[in-house]
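Peer 1: The domain 'HPt' annotation in TrEMBL covers A:38-140. Per TrEMBL, the feature phosphohistidine maps to A:79.
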């Protein structure tokens, strides 16, 4: 009933996240790692990602704002950020990162700045969605155990 | 990312479970994910987020890890640099990771020695199989060592071919023995041996000279600071590439670490320290008889490991810690001549490592070809050349101070005949003493060396040993010869003549070694003989005073040895036959 409904909603949201391209295979890998020893593993990893990536975002921002722009440093930071995003399977985010790196290697400041806005947008959207998702997961778990 | 200690020994019984993995990544998210993934594979995981930290961990505990996984991009150090360091210092398999899959990057990783390159995001199934790299490396190590020795031996002598035919056995490792035989065969063909095991195209043949240059460069730079580029620059060999040097260096380190292990093992045995070589370098615990004892087992297999290491080991600090060793460079033992690199297999290994001293390092001078009989593994390391010493490098080794080091008759350019008595014996140790340029003198002294060093068995890791010994100088030819005899002994001294030869050689060597030091020849020979003859002496109980087999103490035998080989005791070698050592050796020669 309630439990089933909640669980269904969770499953539904999860599916849409994949269908809409927000998440990819890596996320499933995380889910598979979750076990009794780490029952909230996925959530912990996502939280860790968002915490850590905040400083990377800041670094990129600063580099973009500096004049002249140090493209090689920019590329380094973005490389790190992309690697980190790939850890949770944030597909849209990593796709934008790839575009960014192309502009970066072309030393196209304008393109970099624009693309970075996209990166941040996707990054934020995903966070919100995942927050909702995990909340639902928790609720379903509580209902389940109830 | 905390660093969890995972210092434990691998659980061989349930391999690959318990594989000790060190993960290095500056991204905390990935670090956590990888840790969880590896734990799920039942591996023992240690994480760290800085390259320097990783190196510290690795250095602190040389044998604490089986494999390293590292990200390419790291803040404090380039991942490739870390890769190089690990390869050089610890010789562990390293897997690189990156989100960047560009071919050039991947190629760079492989060039620097990565055994695999994973692209992020990494799947768990990719991590499940990393144990294969550990396993593969282990197998190749032995092969490489053998092949190295093989190469060396070719240089050393050609006559050693019979020995190979006898099928020296590589104790313990069938693969290696096969390889050895293969190498031997190749050698006989007198062709440049390309390391068959490496199946690489256009392999560099590390000749004695080349190896000598290499060793010299390494010593110059300082073992700790060594790097392929630096070595390459110093060596000044135009056609040599950085990669060639890097892989050779790896083997060298391996060799040294084997020696170290041998010596460690030997130390544990300490049974044999008879004469407490006071004269010897304090380092070497000549008591490394362990190798000798072990030999017994091997002997039956025909593989004897000369525990020469013991003695050497002591001095040498065997490489296990290459970084630490720096000082080893002064291995008195044979001057870079063709030290015997006896590769004493890790005690841990099934002891069947033979040390094959193949090359009688052309110039006997340096060649301490100790056939270290690690009882356990008669790894046939062609000790042929114990290049000056390689021992030096790592371990003081060969300090033949104990007198052995220079066994191969100092300065005798006798070609080390690889004739190790083997003819019949399956001289596993295969020291294919490649006859060197040296003249006919066959310095069969090899086994003698063991004695000298009492247990200096420097287990030069075959790999390294090989390099070391590659008889760099023609002078070392002697070295190899020495070991030959030993091998025969393992074969159970069956052929009396063989053993005799051996003995005579030993004696001969002894004599020479003593250079008139007056070391009672008989005592030495006794020791030697005992070892050999007795079968149980396998462990070249050099210095084991208990040899019962004194059968061969027949001086007459000795007389048969062409002393000419030893020409006036050329103790040119600094370390060679230090008279004082001889006495020490005497005690422990085969004790």
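Placed from the backbone N, Cα and C atoms, the Cβ positions cover glycine too.
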Peer 1: On the 0 to 100 pLDDT scale, where does the domain 'HPt' (A:38-140) sit on average?
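Peer 2: Over the domain 'HPt' (A:38-140), the predicted model scores a mean pLDDT of 94.
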Peer 1: What does DSSP give as the helix, strand and coil breakdown of the domain 'HPt' (A:38-140)?
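Peer 2: Secondary-structure breakdown of the domain 'HPt' (A:38-140): 90 helix, 1 strand, 12 coil.
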Peer 1: Give me the count of other Cβ atoms within 10 A of the Cβ belonging to the residue listed as 'phosphohistidine'.
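Peer 2: Counting Cβ neighbours of the residue listed as 'phosphohistidine' within 10 Å gives 19.
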